[in-house]
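Engineer: Below: one structure in structure tokens.
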Amino acid sequence: IRVTKVDWQRSRNGAAHHTQEYPCPELVVRRGQSFSLTLELSRALDCEEILIFTVETGPRASEALHTKAVFQTSELERGEGWTAAREAQMENTLTVSLASPPSAVVGRYLLSIRLSSHRKHSNRRLGEFVLLFNPWCAEDDVFLASEEERQEYVLNDSGIIFRGVEKHIRAQGWNYGQFEEGILNICLSILDRSPGHQNNPATDVSCRHNPIYVTRVISAMVNSNNDRGVVQGQWQGKYGGGTSPLHWRGSVAILQKWLKGRYKPVKYGQCWVFAGVMCTVLRCLGIATRVVSNFNSAHDTDQNLSVDKYVDSFGRTLEDMTEDSMWNFHVWNESWFARQDLGPSYNGWQVLDATPQEESEGVFRCGPASVTAIREGDVHLAHDGPFVFAEVNADYITWLWHEDESRERVYSNTKKIGRCISTKAVGSDSRVDITDLYKYPEGSRKERQVYSKAVNRLFGVEASGRRTWIRRAGGRCLWRDDLLEPATKPSIAGKFKVLEPPMLGRDLRLALCLANLTSRAQRVRVNLSGATILYTRKPVAEILHESHAVRLGPQEEKRIPITISYSKYKEDLTEDKKILLAAMCLVTKGEKLLVEKDITLEDFITIKRAYPGASGEGLSPV
């Protein structure tokens, strides 16, 4: 007896497994759930004859590594491993139901069958199928209970990514395209191109049952820093030989280009591109994933949970001294799965970040870090908790650096970092603020307690009151008491005010508004500076540098008008279209006030309209 034909029942299995959208030639199913095959045999099967199935994935597949399983049809209830059962038999046609365990390795499998009867055996390779994670299976680590959320975070092939600045958040559409032709194969090849697979393929494949392992591999492989991964980052505003990150509108073209270029990294990406691509890959593999944007996002290089910025007497950032930074926004991913390594209280959303910022265990990757662990200050837990905690909850401190190499604090804020943490709503394109998932309300006692707990977890020292960790030097812990409280009540206040909407191609008109908060006259030296910047707030070129002497009468308010001509900034403006203004206000008695403002220029197009006997033109925003 032998198998003459196989019907993979793609339509029936695809509907049952929510995989009908994949255009692959082979069957795509999810683990922990049965699927059916119909076999045509050379003759009817006798009751004594046995069907023995073999599934195997990866090189040197073995039962010891759980990359191979041998099992036969049985009437028994489903066990812990792979199982097979006869569903129906009509003459020489047999329908069988196969099921994988909910912890099976994901990937491409080869299915074979052996027919045994009266010491005669017939072997046949039935073909290949792809096994994915299963958010619909309660026993799978990636199980997600809500059907609405499964539709959004697994099956939705388009979405919204939020960018901009805290007070002007913009939405950009992104095509994830996880069901496009060839994308599933590319996603599987990303796993196979990883250094872990290249070095020890059998062991690597055996670990692919674990979403913690798989997501960490993908986090490293989406950037190109260590491994000829998918996307090459570029933050200098120069994109020769590639595509500007701002011009990508989806992941499909990027993944296809990576494959067609024989795995040469695609130029260029920035944080939202990395996040968009990783969302595609993880949704394609069956892990519920979303894109998250954090405004005023900290990049804490030394893991002291504070962002320390050094400026000169004009408020200009001293690049050679300032290692930390605060980006206008940063985009990463969250994926939903259980943390068997940490315990059930840390199940749920996990932060993953493919943007190459800092190394994690020698590789540019980040996560998975439990969002719950971040909110509770449990930064000692795997993976990369201190970095993610700082991104959303670091203290922000600006230091004035003097010529004698002393420093003086001119600004500090415990609430500036981690604002308007946003993601797309389930079932609509609106923005949902999820800041409360990452931290307790800013300024609350609980939020400060969590910050102190995080310090203690990292450095083994108690933080009490307003004691705040600043910097490690020679391995020692340095502290400043009452760092974030002003020593005395400020005598002046100031802010920038935009006088006209900032539009690309026009002069910028602003004013610095200063107010004397005392009943005595004061003299103030105002040093103004301005620079075009990237969205990471890294300065590109200086466009303003001037100084003013101002006398403020008791309780008096004054405006200092500022004009920056288009000709002054047009050559040095990047595609981010961002400008940073700073005013260092030096009061006669030694007090200092630093005022900063981020400006994003608006794009406008000119529309000419003709009327009978008249002509005119109007401006319309893009």
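Start at 1 and count along the chain as shown; that gives each residue its number.
Glycine is treated like the rest: Cβ placed from N, Cα and C.
What TrEMBL records for 263-356 is domain 'Transglutaminase-like'. Residues annotated as active site in TrEMBL: Cys271, His330, Asp353. Summarising the annotation, TrEMBL assigns Ca(2+) binding site to Asn393, Asp395, Glu442, Glu447.
How buried are the listed features, and what sits near them?
Structural biologist: The Cβ of Asp353 (active site) has 31 other Cβ atoms within 10 Å, all protein chains considered.
Other Cβ atoms within 10 Å of the Cβ of Asp395 (Ca(2+) binding site) number 24 in total over all chains.
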Engineer: Note down the number of other Cβ atoms within 10 Å of the Cβ of His330 (active site), including every protein chain shown.
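Structural biologist: For His330 (active site), the 10 Å Cβ neighbour count is 26.
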Engineer: Mean pLDDT, the domain 'Transglutaminase-like' (263-356)?
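Structural biologist: When the pLDDT values over the domain 'Transglutaminase-like' (263-356) are averaged, the result is 97.
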Engineer: Give the distance between the Cα atoms of His330 (active site) and Glu447 (Ca(2+) binding site), rounded to the nearest whole Å.
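Structural biologist: Cα-Cα distance, His330 (active site) to Glu447 (Ca(2+) binding site): 22 Å.
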Engineer: Residues with Cβ closer than 8 Å to the Cβ of Glu442 (Ca(2+) binding site), same chain and 6+ apart in sequence?
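Structural biologist: Long-range Cβ contacts: Thr414, Lys415.
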Engineer: Asn393 (Ca(2+) binding site) has how many other Cβ neighbours within 10 Å of its own Cβ?
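Structural biologist: Result for Asn393 (Ca(2+) binding site): 25 neighbouring Cβ atoms inside 10 Å.
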Engineer: Go through the recorded positions Asp353, Asn393, Asp395, Glu447 and tell me which ones have a CA within 10 A of the CA of Cys271 (active site).
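Structural biologist: Asp353, listed in sequence order.
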Engineer: When you measure from the Cβ of Glu447 (Ca(2+) binding site), how many other Cβ atoms are you left with inside 10 Å?
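Structural biologist: Around Glu447 (Ca(2+) binding site), other Cβ atoms within 10 Å: 18.
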Engineer: Express the distance between the Cα positions of Glu447 (Ca(2+) binding site) and Asp353 (active site) as a whole number of Å.
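Structural biologist: Glu447 (Ca(2+) binding site) and Asp353 (active site) have their Cα atoms 24 Å apart.
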Engineer: CB neighbours of Cys271 (active site) within 10 A?
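Structural biologist: Its Cβ shell of radius 10 Å holds 27 other Cβ atoms.
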